[in-house]
Amino acid sequence: MARPCGAALQRHAAVAVLRAAAAAGDLSKGKALHARLITAGHFDVVLHNNLISFYSKCGRLGLARKVFDAMPFRNAVSGNLLMSGYASLGRHKDSLALLRVVDFGLNEYVLSAAVSAAANVRSYDVGRQCHGYAVKAGLAEQRYVFNAVLYMYCQCAHMEDAAKVFENVSGFDAFAFNSMINGFLDRGQLDGSFGIVRSMTGEVEKWDYVSYVAVLGHCASMKDFVLGIQVHAQALKKRLELNVYVGSALVDMYGKCDHAHDANRAFEVLPEKNVVSWTAVMTAYNQNELYEDALQLFLDMEMEGVQPNEFTYAVALNSCAGLAALRTGNTLGACVMKSGHWDHLLVGNGLMNMYSKSGSIEDAHRVFISMPLRDVVSWNLMITGYAHHGLAKEAMEAFHSMLSAAVVPSYVTFVGVLSACAQLGLVDEAFYYLNTMMKEVGITPGKEHYTCMVGLLCRVGRLDEAERFIVNNCIGTDVVAWRSLLSSCQVYKNYGLGHRVAEQILQLEPNDIGTYVLLSNMCAKANRWDGVVKVRKHMRERGVRKPPGLSWIHVGSDVHVFTSEEKVHPQMDQITEKLEELIDQIKAIGYVPNFAVVLHDIEDEQKEEHLMYHSEKLALAFGLLHTPKGATIHIMKNLRICDDCHVAIKLISVVTSRKIVVRDAVRFHCIEGGVCSCNDYW
C-alpha cells in the first residue's frame, strides 16, 4: 500500500515542478525532470499531459509532439493541450492534422479548438464536418463549441450558416453578437450588421469592450453619427473610452462620419497611445482631406517614440498624395526602405498613389514593377494614373497586361479604361467595355462610367449625342457630366448649346462657380461683353465669387504660393525680370498673347500685362530661378490652366529644355519639348 501512495506523491511533486518550470519558462529544469521520469519509469497519462503542456508553453512544439506520439494511452486533454499549443503559435494546419489521430477522444474543448483552427485557415469543409460531429455527439449546444462554430462560419464568409446557428442563441452572448457584427461588416453586408446592432441595444450593460469596437465599426461603415455618439456616451459611463481598442474605434467612427476634430478629441484622452490609435487619427484627418494635419501627427508620433507600421506609412503616403508633396513623399519612401516596410502591399500602393498624384508617373511605374505582390488596387493605380496624366495608350497597355495576369477588373478599373478611351477617341471600344465586358465580370455601370462616356462623345465632337446620352442614362442630375459637356461646348465654340447646358447646371447647383466662369468665358470669346456683365450681375446677386487663381510650388522645404496679378512676393523683382526674359524668348519662336482669355474689356497692352502675371507663370518663373538646371518643375493650381498659359508654358519648356508638370483642377499637364500630355484638348 505504501508504494502506490509514494508514486502518487512523486507524480504530484513532478506535476508541481513542471507547472512552475512552465510558468518561469525554465526549459532546462523541465527537461531534467523529464529525463529523471524516463529513468524512473514513473509515467502515466497525467504526467504525459503535463509534459505536453510544459513544452507547449515553452514554445517547443516539436518536443511536445514527441511526448504525444510516445504516449501508450491518450485522452481528450492530451489532444486539446497539443492543439492549443499549435494554435498559440499560429500553426493551425498542424492543429487540424491532429484530427486524424482520433484515439484521444473529442470532447467540447477539443472540438472548439478544432473549429477555431478551421476558422483561422478558412477551411469551411473541415469546420462544417466538425459542426456535424458536434451535433451528432450532442455537443453543439456547449457554449465553447457554439461560439467557435459561429466564428468559423463568419470567418469563412458563410453568413447564412452563421445566421442559422445564431438563431439558436439563448440570452445575450457578447461573443456571438460580436462575431455576427464583424462577420457582416467584413462582407460589407450592412443590413445584416444593422439587425444585430438593433437587437444588441437593449443589452448594452452586458457589452464587453469588443462589443463596443464592433458596434462602433458598424457606425463607421454606416456613417451613423447619431448612433455613434450614443455608443460613445455609453462607453463614457463605463470608462471604456480609455481602452485603447475602444478609443481607436471611436477615432475611426468620428473620422468616417466626417468629424475629424471629434476624432482627435477621442484620441487625446487616451492614456496610452499605440501605433493603432495614432494611425486611426491620422486616417481620420486623411479621410477628411486634412492632409497637413495628418502628416503633422506622423511627426508627433515619431517624437513620442512610437514606431510606424505599414498602415501608418500608407496613410502618410496617401496624405502626401493629397498635397502632391513629392519631396515629403520621397523622404517617407526612404524611411519605408530603411524600416523594412517596402515589400508591404499597402505601402507599395501608397507610394504609387503618392508618385502618381505628385506628377511623377514614371516613379509610380518603377514602384509597380518592383512590387513582389500586386492586387487589383495596384493595377488600378497604374491605369488611372496613366489616364490622369494623359498617357492613354500606356493606360490601355496596363489594362491588357492586367487581363493577361488573370486579375479581375473592378469598378475603378473601368473608370480608368473609359477615361483612356475618351482621350484616344475610341468610341466603339468604350461602348464594348461599358455594355459587354463590364457585364461579363459582374459590374453594374455607375455614374462615373457614364460621365467618362459623355467625355468621350464630347472629345470627338458629338455634343448633341452626349446630351442625349446624359438624359437617356438617367444621369441628368450629375453636375459633373453636364460640366464636361459645357467645357466641350467652349472648345467647339457651340455657344448655343453651351448656354442651354449652363442653365441646366445652374438649376441643379445655383451657386456653381465653375459654370459662371465658363459661361463668362464663352461670352468673352464671342466678344459679347454685355453677356459678361450679365453673368457677373447674377453672381453678385447670388453672392457667388470666383476664387482667385492660385498656384504653388515646393522649393526645398518651403511652399511658395502665388496669386494672379499679386506682386507682394519678396522676390517679385527677380520673378518679373525672369518672366520678361521668358516672354521675349517665346515670342521669338511664335508666342502671341491670347487676349480672348482676358475677361475684361480693356486695352490690348493692359491685357498683355494681365496675362503675364497669371499665377502659374509667376510660379514657373520662381521655379526656374530656384531649381537646378534640367530638373523637372512641379506646379499646383486650384483652377484650370488658361489657354494662354498653356501655350506659353509649352514654349517655355522648349527654350529652357525643362519638363514642366502642372496639376490643375482637372488633370495633370505633363509638358516637355513643347508637347503636352493632354494633346491641347484641355
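Don't overthink the numbers, they just go from 1 along the chain as shown.
Glycine is treated like the rest: Cβ placed from N, Cα and C.
When Cβ-Cβ distances below 8 Å are used as the criterion, the repeat 'PPR' (44-78) is approached by residues 11, 14-15, 18-19, 21-23, 25, 27, 30, 34, 37, 84-86, 88-89, 91, 94, 101, 103-107, 109-110 of the same chain, each at least six residues removed from its ends. Summarising the annotation, TrEMBL assigns repeat 'PPR' to 44-78 (among others).
Among the features that TrEMBL reports, repeat 'PPR' is placed at 274-308 (among others). Sequence-distant contacts of the repeat 'PPR' (274-308) (same chain, six or more residues past either end, CB-CB distance under 8 Å): 244-245, 247-249, 251-252, 254-256, 258, 260, 263-264, 267, 315-316, 318-320, 322-323, 325, 328, 335, 339, 341.
As annotated by TrEMBL, repeat 'PPR' applies to 375-409 (among others). Taking DSSP states H, G and I as helix and E and B as strand, the repeat 'PPR' (375-409) has 26 helix, 0 strand, 9 coil.
Residues annotated as repeat 'PPR' in TrEMBL: 410-445 (among others). Taken residue by residue, the repeat 'PPR' (410-445) breaks down under DSSP into 28 helix, 0 strand, 8 coil.
Annotated repeat 'PPR' per TrEMBL: 512-546 (among others), in sequence order.
If you look up TrEMBL, you'll see 590-682 marked as domain 'DYW'.
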Arithmetic mean of per-residue pLDDT over the repeat 'PPR' (410-445): 94
Chain residues outside the repeat 'PPR' (375-409) and at least six past its termini with a C-beta under 8 angstroms from it: 345, 348-349, 352-353, 356-357, 359, 361, 364-365, 368, 415-417, 419-421, 423-424, 437, 441, 443, 667-670, 676-679
Contact set, same chain, for the repeat 'PPR' (410-445): CB under 8 Å, 6 or more residues outside the stretch: 376, 379-380, 383-384, 386-388, 390, 392-393, 395-396, 399, 402, 452-453, 455-457, 459-460, 679, 681
